[in-house]
Amino acid sequence: MLLLVLLFVFISATNASDVGRRELEKHFDVGDSSLDSVGDVLLKLKKLAHQRAFGNREFGHDAEEDSKKPVAISVLQPTVAKDVSPYLFEGDIFLSKKQAINILKEVSGIESKSKPNVRGRRSFDASPESKWPTTAPIKYRFHESIDFYAVSNIIKAIRYWENVTCLEFENSPDVADNEDFIEFFQGQGCYSMIGRNGGRQGVSIGENCVKAGVIEHEIGHAIGMWHEQSRPDAQSYIKVESDFILPSYVSDFLQRDKDIDTLGLPYDLGSVMHYGSTAFSVDQSSKTLITRDPLYQSTIGQRETLSFLDIETINKAYCSDRCSGSNDCKNGGYPHPKQCDTCLCPNGLSGPKCEDFEPPRKAECGGKIVVKEEWQSIESPGFPDPGYDPDQKCNWVFEVAGKRIEFEFIEEFSFLCTSTCVDYVEMKISADLRPTGFRWCCFNIPKGSFVSELNIAVIIFRSQLTNDVGFKLQARATDLPARTTPAPVVITTTPVPTTIEGTDQWAEWGSWSQCSRSCGGCGIMSRVRVCRTKQCKGRRQEFSTCNLKACPIDKHCAKLLANDKICNGRVCTKASQALSGCLEPQCCPPFINVDGTCQSDSPLLNDFELAK
């Protein structure tokens, strides 16, 4: 039986790899032997990590089951294409043969035995040969498979990298094949190599990969950046929930010591290079990464744009010799490597020395506020009605002399609800204003008060996709000690992965995951258990409904009903029927609102347990 399962996995991987191999050979300077080596090393790495996590459980069976499920590293990034996945590390990295072997050696402990004192703190490739030269532009060209819309967005992403770093790129359609260059092509998904590897080096911008932050992410790989959560210090900021990872993908959550260099920069949970909270999830909703500080949970996985520390990573790696003299920039800013008399400022800050607020976008809002002992309030555009509009941004800088600043959310609170916030309010109250702050969205108002570490803080409002109510926040000067008031983190205890004799012996169920929705009945949560024997009957994972309280009344409902009154015809009648109940607390189908609680007797719920 084991032989048949392994044979199935081999045949499936072979069929997928035939298509994937042709794509990789066409757009990268790699041959059959290199591809075979990379594929073999990644398979060994997967088996090694699987054995460490699950003991003697059959890898082949898990790999077969996992191959049927979609995989993504962030909800804001497309799923990994199965044809190329056997050759990709961490979902979107095509390793060189040397890189793959080095990672396997490090993870298996071979290097640590021969070099026990070697250790680093890393997020940028440490190999000197992996850096592109700064004496000439990085050449690139577009393959004919790239459509005009993708070309336009790639050019915008390249220009943004150029605007904030010392790097220069040059479109060279006639670049010689023996030169080093990047080739953008429409492949199966979004992926890239790490750093400069020589010759033609592809960056796949596949279908649904054209969002600015996704393209910037893949270019980041091409110029030397690894994923943020691969740093050896990542466990101080995140916890990996192995119970909820697709078992054959646990190797994609390894922390490594020797491949890359952090250049002394702090960990950034808002990096565009960070996994999302449901990366490689068994059900695309259970969280595989839990932030140690739960206030950052909705920050990780963003694909809006480069974070300030993403930019500083490249500037430290490539541009540290561009500006001499002292750094007069304030609040974590530093001289722009192309204009040394200008400061690059952390998100939300601006001005000659980074002491002012960043100008607003498509709204009249923001400002620099001198905090007093009495409460002062700010609010998002249009709060609470008609609410904010898409693609707006506001920035406030709060300052006080000799005291700290206390913040508290008041009145109403509502944003587009996503696991990684797309529309959000962000709070930066730490002593270091460079890293991304806490980001909140959805419908639950943050409870309690928050106190800054120093006498300055930054609040950022950002909308990208929708209109909604937004937020209102009040602030005052205080002598209270710095604090946040996060809800406790629910840490899942991973069952011991020891394989024992016999059959059908399960470990205890793990803890329930967080609910995927805050109200309305359509949220789910799940938990898993580990088979202690080689085979077990029954379900490895079970699901439960959760948060059955009806959602609040939509603040835009009255506006929609008013618009509907001027509409006539059959289409408008259907719209009127759909809107007729929007002045009542809402439940998701198949639930109905019964005295404020969402209830249903639908057979669809037969597969769901009731969590206790």
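Every residue gets a Cβ built from N, Cα and C, even glycine.
Swiss-Prot lists a disulfide bond between Cys394 and one candidate from Cys354, Cys365, Cys441; that candidate is Cys365. Among Cys319, Cys323, Cys329, the one Swiss-Prot lists as the disulfide partner of Cys166 is Cys319. Ranked by CA distance from Cys209 (disulfide bond), the disulfide-bonded residues Cys329, Cys345, Cys365, Cys546 have Cys345 at the top as the closest. Using Cα positions, the member of the binding-site residues His217, His221, His227 nearest to Cys345 (disulfide bond) is identified as His217. Taking each Cβ in turn and tallying the other Cβ atoms within 10 Å, the top scorer among the disulfide-bonded residues Cys343, Cys515 is Cys343. In this view, the densest Cβ surroundings among the disulfide-bonded residues Cys190, Cys354, Cys531 belong to Cys190, judged by other Cβ atoms lying within 10 Å. Each of the binding-site residues His217, His221, His227 was scored by the number of other CB atoms within 10 A of its CB, and the lowest score belongs to His221.
Shown in sequence order, Asp92, Ile93, Ser192, Glu218, Gly220, Met225, Trp226, Val272, Met273 are the same-chain residues outside His217, His221, His227 whose Cβ sits within 8 Å of the Cβ centre of the Zn(2+) site. Mean pLDDT, taken over the domain 'Peptidase M12A' (123-320), works out to 93 on the 0 to 100 scale.
Its Cβ placed at the centre, Cys345 (disulfide bond) has 25 other Cβ atoms within 10 Å.
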